[in-house]
Amino acid sequence: MATNVAILASGSGSNFQNIAESDLDITIKVLIVDNPNAYAIERAKKLDIPYRVVDRKHYTKETFEKEILDILKECDVELVVLAGFMKILSPNFISKYEDKIINLHPSLLPSFKGPEGIKDAFEYGVKVTGVTVHYVDSGIDTGKIIAQEAVGVEDTDTLETLEEKIHEIEYRLYIEALKMVLEEL
Ligand code: GAR
């Protein structure tokens, strides 16, 4: 039976759309965004996927997470997929979905953690960076790695061309990694 999934996003939502259009055996019960201006909302409307806006500005950290947990419960969510979700989840939240929260990060962890993985790697001048899919634990970008893929940074690359290369890898790698996760559920 298809696994009930929630996707959490803060911005463009291109990975959300890619997952929604994939052949994964999932039902996206809800897209949750923490930002009312996230373009991911437009994608959810076009894809006819239910979405909820939990605007971080209107909550304390505790009530923000409580609201999201209530939605997950209401939707019988079995797996939480972060796709460009830029808020750090508390240990309390994570303990409710232990080994059931997956994140996508645009660098080869443990290098370049944090919200600007692509830019930080590019500005550092690395010759190799990449994409990581990992379980979320109570650290920041520290959970067990599920899949990783490297990409070379060429002298001709700009931040924009590197971003494009990383996104192309993300679209393929996140689906492959989620397939592995779903098999083990
Ligand atoms: C992706 O590149 C993802 O790896 C990154 O945000 C982008 C979201 O793009 N996530 C992080 O940096 C998490 N720390 P999208 O909204 O188009 O899917």
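Along the chain as shown, the residues are counted starting at 1.
Note that Cβ sites are derived from N, Cα and C of the backbone, with glycine treated the same way.
These come from TrEMBL:
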ACT_SITE  HIS105  active site, proton donor
BINDING   GLY13, SER14, ASN15  N(1)-(5-phospho-beta-D-ribosyl)glycinamide binding site
BINDING   LYS61, MET86, LYS87, ILE88, LEU89, ASN103  (6R)-10-formyltetrahydrofolate binding site
DOMAIN    4-178  domain 'Formyl transferase N-terminal'
SITE      ASP141  site 'Raises pKa of active site His'
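Sequence features, as recorded in TrEMBL, placed on the structure.
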residue : record                                                  : CB count, 10 Å
GLY13   : N(1)-(5-phospho-beta-D-ribosyl)glycinamide binding site : 25
SER14   : N(1)-(5-phospho-beta-D-ribosyl)glycinamide binding site : 17
ASN15   : N(1)-(5-phospho-beta-D-ribosyl)glycinamide binding site : 22
LYS61   : (6R)-10-formyltetrahydrofolate binding site             : 14
LYS87   : (6R)-10-formyltetrahydrofolate binding site             : 18
ILE88   : (6R)-10-formyltetrahydrofolate binding site             : 14
LEU89   : (6R)-10-formyltetrahydrofolate binding site             : 23
ASN103  : (6R)-10-formyltetrahydrofolate binding site             : 23
HIS105  : active site, proton donor                               : 24
ASP141  : site 'Raises pKa of active site His'                    : 20
Which one is it: of the recorded positions GLY13, ASN15, HIS105, ASP141, whose Cα lies the shortest distance from the Cα of LYS61 ((6R)-10-formyltetrahydrofolate binding site)?
-> ASP141
Packing count at MET86 ((6R)-10-formyltetrahydrofolate binding site) (other Cβ atoms within 10 Å of its Cβ) | 15
Restricting the comparison to the recorded positions SER14, ASN15, LYS87, HIS105, which residue's C-alpha is spatially nearest the C-alpha of ASP141 (site 'Raises pKa of active site His')?
-> HIS105
Close-lying recorded positions around ligand 1 among GLY13, LYS61, LYS87, ILE88, LEU89, HIS105, where CB distance stays under 6 Å = GLY13, HIS105
Between the residue listed as 'active site, proton donor' and ILE88 ((6R)-10-formyltetrahydrofolate binding site), what is the CA-CA distance rounded to a whole number of Å?
-> 13
Have a look at the binding-site residues MET86, LYS87, ILE88, ASN103 and say which one has the shortest Cα distance to ASN15 (N(1)-(5-phospho-beta-D-ribosyl)glycinamide binding site).
-> ASN103
Other same-chain residues whose Cβ falls within 8 Å of the Cβ centroid of GLY13, SER14, ASN15, the recorded N(1)-(5-phospho-beta-D-ribosyl)glycinamide site, in sequence order = ALA9, GLY11, SER12, PHE16, GLN17, ASN18, ALA40, ARG43, ALA83, GLY84
Cα-Cα, GLY13 (N(1)-(5-phospho-beta-D-ribosyl)glycinamide binding site) versus ASN103 ((6R)-10-formyltetrahydrofolate binding site), nearest Å, comes out at 14
For SER14 (N(1)-(5-phospho-beta-D-ribosyl)glycinamide binding site), what is the secondary structure state per DSSP, taken as helix, strand or coil?
-> helix
